[in-house]
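Asker: Attaching a single structure in structure tokens format; questions to follow.
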Amino acid sequence: KSYPPKKHMVAGKLVLTTGGVFGGRLRAKSRRVAIEIRRPEPTEDSKKQEETPLLAGESIKELGDEDRVVIRILTPKKKGLFKHADHDDSSDDDDDSHDEDDEDDDWKQYRIYDLDEIEDDEVDDDTFEAQLGRGNQTEVRQLKFRTKEEADDFYGEIKRYRQMQKDKAQRKLEEFRAQQAKAAEKAAKASPKKGTTTRAFDIANETEVKLLVEIVSAVNLPIADIKSTDPLVSIYLGNEEVHKTKHLAKNLNPVWTLETGSLFLLHVPVEKFFGAKSGLTFMVFDYDSMSKNELLAKVSVSHEKLLEAKGERMELKLTEENPKDRKSRWIHPKLMIRVRKASDEDFAFMRKFKAAKKNAIGVYAGTSMLAPIVTKTSMLKRETKKGPDGRLYRVKPKPDPKREEDETKWMTEKQIHSESLKPSYDWVEAGSGTLGFVYFEVIGCDGLANKDVGGKSDGFICAIYEDAIVNTNVINDTLAPRWMPWTQRAFKFRIGHPSSQIQVGVFDYDAESPLGEHDPMGRVSIDITNFSANTEYLLHYNLYSTTLMDDRKVKGKIIVRLRIEWSNYRKALLASAVPPPKNFVNVNKKVEFSNAVYVTNGKDNPYEFDTNTIKAYVNELVQLQELSYYITEALKAVLLWRGTFNLFGLQLPIHSVTAFLMGITVIENFNLIPSYWLFSIAWILLATTEQRGRHPSPWAKTYSFSSLWLALVTGNTFSDKIEAGENEAKIKLYEEAEEERRQLAIEKAKEATERADEMNAFLADEDAENAGDEGTEIATKTGGKVSLNPLKPFLFPVQLMLGQLCVGLRIARSVISWDEPYYAFLIVNVCLFAGVAVIWVPWHFIIRWTLRIVIWVVLGPWMKLVDIYYVQKIDKQNSATKQQESALEAKGLAVVVAKRTRMMQKEEAMKLRAFKKYMFGKYIVRVPQFKEYRFQDAPLLESTAVPKKTKKEDIKVTSQAHGQLLTGAMIPKWGDTPEGAGETTALRSTAGPSYGST
């Protein structure tokens, strides 16, 4: 007899049920109970495993490695008019019943449990009571046998098989240890290098299992609610729930992240680990706040697979509870996980993560972002006074702490500027790169706008380089601030890629702003790609507020000083062959986010809808018409043999000679076409660098092809020397001539546009007359000022598309014009070497014989035999419906592959976002990866460059703003070196919490 459940699992606790307490004895029903050993047996379908029950008996002395002990409770089948009435828990039958038939046709399966799912069992006279199931499916039941002897026999069998399972676990543990020892010995013989091992987990020398497990994502989950599912995953070791993720609302393809419980540590003795028959069991539930969660699917991962895993992404096919609900036969629900051996660093991270307050954000923000330093001053203090040599000004933010206060408290403007040019006392190291260093110092600004009322602006600088963000001291109440050597102004940026730029923004510090923002006063992008190493640059730049609009107005000037030091320039050149990584900086406050957005994008946010942004994109694309004039002039120079190359005062038509030689050889030998096509690409790039070299300004120069080859061969770079105002007269004449050519190009393009518009208007009038009044265009004209906000859903995607197009064209322009010299150098070399390689390929022979073979094979009369003996038979065997099904299945599989790729990209992005949010702050700002700005900021003519090598004693690093680069999966490494694990551990153990608001 089986009574109704005595207790049910409710909200994680076993609660008494009314059916089990009142009237349970009266409503008991006849049941059978069977103890079975199940063993997997391969079938014809290699993808499916069926378990065959074997009757348990005294003859079974031990369990096989794949044996599974189950307890099945059977109920009589419903027969005839009077059907068997189940008791009050029959509503659960559909959830737990299976379509397995017993030997007796009169009985069917009612419940099935693994031996691991039976706990807290005891026998009282003829009644066996136990806790059955796992998770929220757990219930306490009583089974009443006919006699006390039968109850004792059943309980004895349960205990006997438990002991056999323990013996099997110990045996598997010993076998696994022996296998690892044997594999280690074999590996040592093959590779005698000391310490070499290929195993993720050396169980032979461990008494505990320490695994880091990540629930990555799931796809194609069954629909449990009306249209979707609220999935969560519970993980069990045997019958013990070791972890549970948070549920994700309405998601059939969920991705779990750090904040939704994707990570957990499994730390158990090896005996307990192997004592769980199925390894780790992952059960996917549909969350229900009003009732118990519904089991959707599950999968188990064996001990061996868990211990051998090294963090790779594993795709596990889920076993569905109701496979009939599957949408299609080629789309299966899957669960993605990662597993690897847990390190001390993983334990340290998880301890801190659990110790942090709920929904903590920016735990390490204090060590990855350098905030501006504010020095409070009294409003009553005077700022100037008379001196013997003229007007004196108070030195800000404070006098030099290393000298007497009166010596540096008051100075003239000239003295302040001279003092600011002295070497910096203290440096801040920032970033995560390994190729070298950029020594960057902020000297001062001039001509800033006044953003304060009743005073002057309180300026400070925010700089972003790759994954580092830093700020200077705030210089109060001045429009021409100077940062003194003893202030926070000197930064030692680690270089991660040679093409990265330094983004600089100037702000007015406003702590009491009602909007909580600092007023921006201008920005500049400093391109260091063409700067030489071992050279000290004193650079003057104009500040602008926009990176996009045509009417850019100067907002002031900034003075900076920088030097570049390469660890190995040859290594840096080779690293430039790989595109720069995607860099993001996280900040923890809204005001910091606003600053970072302005530094990287100016006042024009391309990711916010603005009709002015659309107009700017259109104007930028329209200006491309100017290129037609330059292309025409270049073709004239080539075709008319105009001199372009200066040799001892003679203008030689070197490009015309090249074109002539290529032309007369290719018409005689068409095999040269692929080679000459590649050579032409290299030729165009070399011609543009030649054109750029004609500019008299030393700040317009770029690395030449020959200089980069020399640096690649020798591994050395050369210093540079540029004087203030160098070639100023020549630059003026050159720029005037270029402006005349540009205006001429604009006029030519405008004339062509007007002629095209005139023709289009004529054709439109003719069409309107032919079509009559019904075809008249009634759209609103764009001449007046019309609010386009209602059209945002239509125009905003257009804005984003135009932005992507313009960014792509800007990147191409930067390569062609050698603003990106490393990529241009790479393309030239690839084209030259590839052109030489393919010049020996007999293209004519290959094409001729390929066509001969195709025509003779495909178009010959023997294709009739192919039709009779092959195609017609295939057509008869495969109906049109089968062919359509095959085509649909192929398309379905293609969709699955594409979906898998998108899912992996989604996983990477979401997990990185969650980690960076937790570690560095809730706001994320993208740092431009390439030369993506419409306008290139160039140093002014008063800038200088002098050869100077960096001495270690001149650079005193007193603090560090760690970069925000995260590498690796599961728990990413955060450190400033490729071997960043040790440094990461130190950072995470010493960096104090800096929790942000949620």
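Glycine residues also receive a Cβ, built from the backbone N, Cα and C atoms like all the rest.
Per TrEMBL, the features are:
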COMPBIAS  33-51  compositional bias 'Basic and acidic residues'
REGION    33-60  region 'Disordered'
REGION    81-109  region 'Disordered'
COMPBIAS  89-106  compositional bias 'Acidic residues'
DOMAIN    191-316  domain 'C2'
REGION    384-406  region 'Disordered'
DOMAIN    417-541  domain 'C2'
COILED    727-766  coiled coil
REGION    971-998  region 'Disordered'
COMPBIAS  986-998  compositional bias 'Polar residues'
Asker: Mind checking how the domain 'C2' (417-541) divides into helix, strand and coil residues in DSSP?
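Answerer: Here the numbers are 4 helix, 60 strand, 61 coil.
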Asker: Suppose you look only at the domain 'C2' (191-316); what would the mean pLDDT be?
Answerer: 84
Asker: In the domain 'C2' (191-316), how many residues does DSSP assign to helix, to strand and to coil?
Answerer: 18 helix, 50 strand, 58 coil
Asker: Taking DSSP states H, G and I as helix and E and B as strand, how many residues of the region 'Disordered' (384-406) are helix, strand and coil?
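Answerer: Across the region 'Disordered' (384-406), DSSP assigns the residues as follows: 2 helix, 9 strand, 12 coil.
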